[in-house]
Each structure stands twice: as structure tokens, then as C-alpha cells.
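S.K.: Submitted below is the structure of interest, expressed as C-alpha cells.
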Amino acid sequence: MDGKETEYFVRRDVLDELRLDEVAQKGSWSSKPSLSEQVKDSLRCSLPKVKRIILTWIPVLGWLPRYSIRENALGDLISGCSVGIMHLPQGMAYALLASLRPVYGLYTSLFPVLVYFIFGTSRHISVGTFAVLSIMVGSVTERLAPDSEFMVNGTNGTAGLDIDARDAERVKVACALTLLSGIFQILLGVVRFGFVVTYLSEPLVRGYTTGSACHVCVSQLKYLFGVKPSRFSGPFSLIYIIAATIITHYCGLTSKYYIDVVGEIPSGIKAPRVPDASLFSQVVGDAFAVAIVGYAINISLGKTFGLKHGYKVDSNQELVALGLSNTVGGFFQCYSVTSSLSRSLVQESTGGKTQVAGVISSIIVLITVLKIGALFEDLPKAVLSCIVFVNLKGMFKQFMDVAVLWKTNKVDLLVWLVTFVSTVLFNLDLGLAISVGFSMLTVIFRTQLPRYSILGNVPGTDVYLDTEIYREAKEIPGIKIFRSSTTIYYTNADMYLEALQEKSGIEIGKLLTAKKKHDAKQKRMQEKEKKKAKKEAKNQLFMSNGSCSLKGSEMNNGKISAGTKGESAANGGALSLTQTAVNGFGKGQANWAYQPDTSVSDTDSDTGCHGDGGSIPQPSREGDGGENAKTRGSGTHSVILDVSTTSFVDTVTVKTLKNIFTDFGEVDLDIYLAGCQACVVAQLEAAGFFSDSIPKSRLFVTVHDAVLHVLAKTGQTDFVIVNDCTTSSHHK
């Protein structure tokens, strides 16, 4: 079909909402059960239903019995070993970010991974320690268990730091934070609140992780340079750390040089214990932030791999799985987990097919904790810091987003930059709050600042386009077609009305004022004419009585006065003309939208003339042609509101539309709606929008239907538009 035109022809009736309901047979044809039926169904218990619920909440029971050893075992084994080897250095290194001993990073790489194996729905992500969450946990542990609270007096009178007591308290804080964040995630998953992560846009997440990477990088400087600067927390803490590290290192403040190593890694696994619930009130805000950020990273990676390999990742079940991983981990002295991009890529690229790879990686970590942990006790912390820096490479590559977003979407670029700067300057928790708030504001501003357009018809088609963008889109004389690029609701309803008046050139306020003045003037003129007529009627009655007396007298004398008779006839003629003028006053109705001058002069005649004495155009609605047809072509008599972009209406929208119909109708302008979605029509009906003054016949399926209706109603013959739409397109 290369180069060949495809044509289509459409011939149908003009469809307003009433006609559409009849033709399309509008009704409740949905097979969706009612609320009562849904409640009854949820209370019913059957074996298939129980099985379905169990498989939904415990996905491993669905795929593990069907696990193919021949197809998956080798790939999962290689992948699990590779990821397990990565877990060891990353776990110990990221534990330093959380201000915990390295062994707790190994615990975090063990227990949560096993829990996710049971409840998770992604086959390729690697759950465990992650730099961003680690630094978020570290900011809390350092805030609630700072070094200054664990200073003790030494034997020689000098103050020393009780490292064991400090580390034990920080473990309590980390476990309490992890348990509470896990509870938040479980609750959100149970109430099917997985969509909450949609409020964290991709530019926001990438800007946040890049800013977090800066915090991670700075936190490792002390290990790289072997210095111990003072701890800072809160806004601008990043800058204070940097400054203290530079001063300490280059001013030679350390009295002796030594290499800080990992230290003791106890063999075996500690018994589970309940986290300290008394700390919940102090970490509740941080726990919610950790829960949301961890889930956002987890679901984004999970959906990426799911889309690539063709399987579904349940967002709500992922919340539950991650929450259970954190909840169980909190009892085993683990801190908050999520998926890691670097480990997940290794797990996929080395042939991993299922979460069996995660179990194998956990076995490697378990062997390390039980038997060979002592081999890592002399590992320098500077080496772990280098591992952290290497793993931050991918995050720092996200700075390239700035150039891409500059070309594609500057609003998203602004979100990225604000998120990055606020995260760097105001720390992770406050930075996240600022970035989410700013991101929501951009959404609000976008809906408050839509593009408003006047549409014109492309000749020979039923297509209506923005006249400011498309040269061939021509306005139809007498008809204004107005469209907003977004939903009309309470935040932009006033702007919609203002834009309608500005774009259409119809200043409804001035027109209403002019009409009121004209109506008042007509009323004054009518009262004046009535008084005049009444006065002349009295005079006529007096003259008639006088004439009769005179006539009787003259008849008695045998004489008739011809002069008096002529005067009486003249007065009788004047009365007849006056009555005609009064009775015929104001029968016409002026369309005030036509008037270039809204002022009404006191010298206007009683027939509705204004200004220079010209008559007010009175367009006929019956298609009478002649001079009235010329008048119709010179001014606006109908306005069509294209509301096809509106997905819902609120009470403010309904009131605004009602006011438009009422106010524009006051100046003899007809308003029509076009492109209403079925859900919007239902909401308008529920809000009592339709009435005798605003019937459903004012709603049309398309703009073209509304235009054809108006042209037929007004009988416009000076504008030709095709009723049988014919368009053609080239296929290349």
C-alpha cells in the first residue's frame, strides 16, 4: 500500500447526548458484581478460593513445585554464587554507612533474603543491603546515639569513647527503625496501597539517589583518610563533614597513624530478640521515609526485570514481601533492606532465573558468618570504602540526566535538580519531604496552567485544530470552539472562565452590564410612553367631550363646524400612532455579543437603536436569510466547549459550567458541550446539572456534531462545511 491513499466516508445523524443514548442503547451492561455481592463473595469459603488466597500471599508455593531443575538449576547456582560473593564486601561496607559494625551487614545479607524468597514476586532482583538505605539508617543511629553520649573518663583522667556501649545502642535504634518500617510496608500492602510509589516520579527517584550518593561518598572519606572528625547531623551536615575531614587531615591533627580494620566478626548467629518499641516514637518519621524509598527502589527494579523477561510483578505483594523481610530482619539484628541494582544485574546476567539464586547467595553468607568470618577481621576499612565508591559509579552516572532532561522536559529537570540540591543540603529525610512536595506542586501548576485554544475546522474534514498552530484551521463564522488541555476542576475553574472570555473576545461582564442598562432604558422609555399615552388619552377624552357638547349645540342651531371635526380627527390619529408605538416596543431581542460598544446613549430611540442610531442586529434563529443572514455572519451567536480532555468534574466545575450557560444565555449566546466522556455525563447528572434551561440536547458526541447542529439551527448559508466527511491519508 506504499503511496496509496486510503479513504473513508461517514454518513450518520448528528448525535447529541439524548440521540446517542438511543442509538448506542445506553444502560448498565457491566458484569461487575454489586457491593453486596462482593461482600457475600468475600465471606464465602471454598477450596479453590482458599488455594488462590494462599498462592497470592505466599507466591513460592505457586512456582517452586514447578521448578525445572534441568532448565534453571545451573543458572541459579552460578548466579547465586556470584551474588553471594558480592554480598560479603558490600554487606560489610554498607554496614559502615549505617554506623554499625560490619558483621551486621552480613546478617542483613542473610535473613531478609530468605524471607523475600518466600513472599517476593520478582525473579531477578537481589534483596539486601543498599547504599541509600544504609546512609538513611546511619543518619538516624548517629542522631539518637551520638558519640558524645558515650564518653567515659579514662584511667589517666582523659575522656574516652565507650565504643561497645555506643555500638550496642545503635543496633537497638537500627532494629527498631527496621521493624517499624517493615510494619508500615506490610500495612500499605494489605490495604492495596502499592500505588503510593507512583507519586515518586523517575526524575525524583534518580535525583534523590544521586544526592544520597553524595552523602555516601562523603561518609566514607574518614575511612579513606584515616581520620575521625566530629559527627554532624541535620541540614548542611554534608558540608560540615567535608570541612572537618579536610581540616583534620591536612592540619595533621592525628597524633599517630594507624590503619582502622574491620575488627572482630563473631562466629555463629545470635538468637532473635524483640526490638525496643520505646524508640518507635523517635523514629516514626524516618521509618516511613525508609519504607517508601526502599519500596520505590525495589518495585522500579522489579518491574524493569519483569517487563524485560515477560512476567508480572505484583506491586502490593512486593510491599508485603519487603515489609516481612524488614520485620523479620528487625528481630535478627538486621537493618532495612531493598534491592541493589549492581547485584540484581549480576544475578540476571550470570543466568539467574528464579529466587533460588537468592537462597544460594544466603548459604554463602551463612557459611561466612559461621566459619570463615575471622578471615575478614584484618580487612582495612579503607578497602571497604573503596568498594562503596566503586558501587556508586552507577549513581554518579545519573548526572547525565541533566543534559537529557534539558532537551526533553525542563519541568522534570527542575524536579531532578530541586531533589538533588535539597537532599544534599537538608539531609535525606528532610530532602525527601521537600522533593515530594515540590514534585506535587509541579503537577498542580501544570493543571492550573493548561493551554487554552480556539479551534478551527480543517476544510473538507471533521477535524478541529488550534488556530494558532495550524494555518489551515479556519474559524467558523458565528461559532467559537473553545478547548482546555486539561481537566477542569476547582483549582483552574476561574482561569477557565477567564480564558474563555479572553480567547473568544466575549467579555461577559461588560455585555451583561450593557444589557442591564439597555433593559433599564427600555423600561424608562416604556413608562414615559405610557405616561404620554395616558396624558394624550385624557386630552382626547376631554376634546371628545367638548366636541360632543359643541356638536349638540350646533345641531340645535342646525350648524356643524367642519374645523372642529378636522381637529378631532387629527388628535385621534395621533393617539392611534402612539398606541402602536407603545404596543410594538421592544418586540425584537438584541444579541449583545454582537455589540462593539457596550454603552447605551440616552438619545436612543424607542426601537432599540444605540450610539450612532444604527439598529441592533437581530439574528433570526429560523433561517430566514436576507439581511439577518448577513448579521449572523458578522458576530458570535454560539459557543462550543470541547470538554473531551476532562476526566472528572467537581462541584466547582458544575457551578462554573452552569454560570457559563446562564450568563452567556443572558446576552443571547447559545452554549454547547462536546466530547463529554460517559463518566463525566454521569457525574453531571448526579450533580443536578441538567434542567429545562440546560437540557441534554446541548451535549454532543463530537465538536463536529455540535457545529452541524448550530449551522442547521441558524440556517447559515455563507459557510459550507461537509456533512459527509471525506479524508485521505498516505501509507508509507
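Every residue, even glycine, has its Cβ placed from backbone N, Cα and C.
According to TrEMBL, the record shows the following:
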COMPBIAS  621-630  compositional bias 'Basic and acidic residues'
DOMAIN    469-710  domain 'STAS'
REGION    519-538  region 'Disordered'
REGION    593-635  region 'Disordered'
TRANSMEM  94-119  transmembrane segment
TRANSMEM  173-195  transmembrane segment
TRANSMEM  237-259  transmembrane segment
TRANSMEM  279-301  transmembrane segment
TRANSMEM  356-376  transmembrane segment
TRANSMEM  413-445  transmembrane segment
S.K.: How many helix, strand and coil residues does the region 'Disordered' (519-538) contain under DSSP?
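M.R.: The composition, in the requested order, is 20 helix, 0 strand, 0 coil.
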S.K.: What same-chain residues lie close to the transmembrane segment (279-301): Cβ under 8 Å, and 6 or more beyond its ends?
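M.R.: For the transmembrane segment (279-301), the nonlocal Cβ contacts are 122, 125, 127, 130, 132-133, 136-137, 139-140, 144, 172-173, 176-177, 180-182, 184-185, 188, 194, 196-197, 200, 202, 205, 208-209, 313, 315, 318-319, 322-323, 326, 336-339, 341, 344, 428-429, 432-433.
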S.K.: Who are the long-range neighbours of the transmembrane segment (356-376) in its own chain, taking Cβ under 8 Å and residues 6 or more past its ends?
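M.R.: Cβ under 8 Å, 6 or more out: 67, 72-73, 75-77, 79-81, 83-85, 87-88, 91-92, 102-103, 106-107, 109-110, 113-114, 116-117, 126-127, 262, 265-269, 347.
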